[in-house]
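Colleague: For reference, the structure I am asking about is given below.
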Amino acid sequence: MSSRYFHWKMNLCIILIILVFLVPFYIGYFIVSNIWLLHKQQLLFSCLLWLTFMYFFWKLGEPFPILSPKHGILSIEQLISRVGVIGVTLMALLSGFGAVNCPYTYMSYFLRNVTDTDIMALERRLLQTMDMIVSKKKRMAVARRTMFLKGEVHNKPSGFWEMIKSVTTSASGSENLMQIQQEVDSLEELSRQLFLETADLHATKERIEYSKTFKGKYFNFLGYFFSIYCVWKIFMATINIVFDRVGKTDPVTRGIEITVNYLGIQFDVKFWSQHISFILVGIIIVTSIRGLLITLTKFFYAISSSKSSNVIVLLLAQIMGMYFVSSVLLIRMSMPLEYRTIITEVLGELQFNFYHRWFDVIFLVSALSSMLFLYLAHKQAPEKHMAP
């Protein structure tokens, strides 16, 4: 027990040193290194950025009741509490979006009814738009060539009346070219929208075909399961917020107790709940971290460049570290009581109930916002362009 406690404490201290001191400093260092005006004073400006981070990081803990008054300013609880606020907020945002987006993605109920006729009609509109763009660009090229051959570009007119005539004709030709160019710009924007809508219809058609397979039906079933879970989670988060309630028993033990009492069978609840809880906690950790990595990788891949690659990798490490610390804070409630006390001793006397309430509040806001966003996106789907 003492060895386990020592290694828990040591690993936690190392993670906090990396998250609060090392990674933020190197993020500032690489940001400054990309600004050539600051190369001569690179170390100085890196320290200034780190001090700025530390100021806002420390001020972050003031509005929240996350610490016991007896903790000193240099205690480990000071760092864990602030890292936990950021990590729990990130977890709640991702969980709220995932709880809504997962059923929306998996369930075939939300798929639009797309046929080959709809796709062909939209592709025909796209081809017609492209033909109009080519035709108008040809007109512009012919007009420019005509103006060039008539000497409106290079030859200067002689005489007063010829000069007036040249200016009038040139102005008229320029106005026509400008009008055609505006029409071409509008058609090109329309062609881009039609192309994206065509690609979206093709993707939807593929999803419809995939939903008819065995694997698609399996994911459709998962979608219904997660939709029930999403409703239950939102309902429980609302109850916890309204009644200021935090669970005292981990969900696995509570579920087994209800099942055993309902069925009236002999069952060692304490023994099996301990093993099932650890398996469930492991699954939660693996799946949540995998989902976080996939989401962040897509985001960072979209914004990365040769100069920002080091900063992006360090930001990913910072987010992952905070995510891990906050996972320990929240998963503590999913463990049996005797193992929950070990984590409590390692993390210190934090206001654990605050983190669970904070998670519920952010989760509820994120889930409801995601519902509204997906509803508007589903309503504005390109069905209006499918008519021939």
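Keep in mind that glycine also has a Cβ here, set from the backbone N, Cα and C atoms.
According to TrEMBL, the transmembrane segment annotation covers 6-31, 43-60, 80-102, 221-243, 276-301, 313-335, 355-376. Per TrEMBL, domain 'Golgi pH regulator conserved' is recorded for 75-140. Per TrEMBL, domain 'Abscisic acid G-protein coupled receptor-like' is recorded for 210-379.
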Colleague: Between 6-31, 43-60, 355-376, who has the most Cβ pairs under 8 Å to the transmembrane segment (313-335)?
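Modeller: The stretch with the most close Cβ contacts to the transmembrane segment (313-335) is 6-31.
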Colleague: Who are the long-range neighbours of the transmembrane segment (6-31) in its own chain, taking Cβ under 8 Å and residues 6 or more past its ends?
Modeller: 42-43, 45-50, 53-54, 57, 76, 79-80, 83, 310-311, 314-315, 317-318, 321-322, 324-325, 342-343, 346-347
Colleague: In terms of Cβ proximity under 8 Å, which residues at least six beyond the ends of the transmembrane segment (355-376) contact it?
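Modeller: Result: 64, 66, 84-85, 88-89, 91-97, 99-101, 104, 230, 233-234, 237-238, 240-241, 244, 246-247, 326, 329-330, 333.
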Colleague: If we skip the immediate neighbours and take only residues 6+ beyond the ends of the transmembrane segment (43-60), which ones have a Cβ under 8 Å from one of its Cβ atoms?
Modeller: 20, 24-25, 27-29, 31-32, 82, 85-86
Colleague: Determine how many residues of the domain 'Golgi pH regulator conserved' (75-140) DSSP places in helix, in strand and in coil.
Modeller: 59 helix, 0 strand, 7 coil
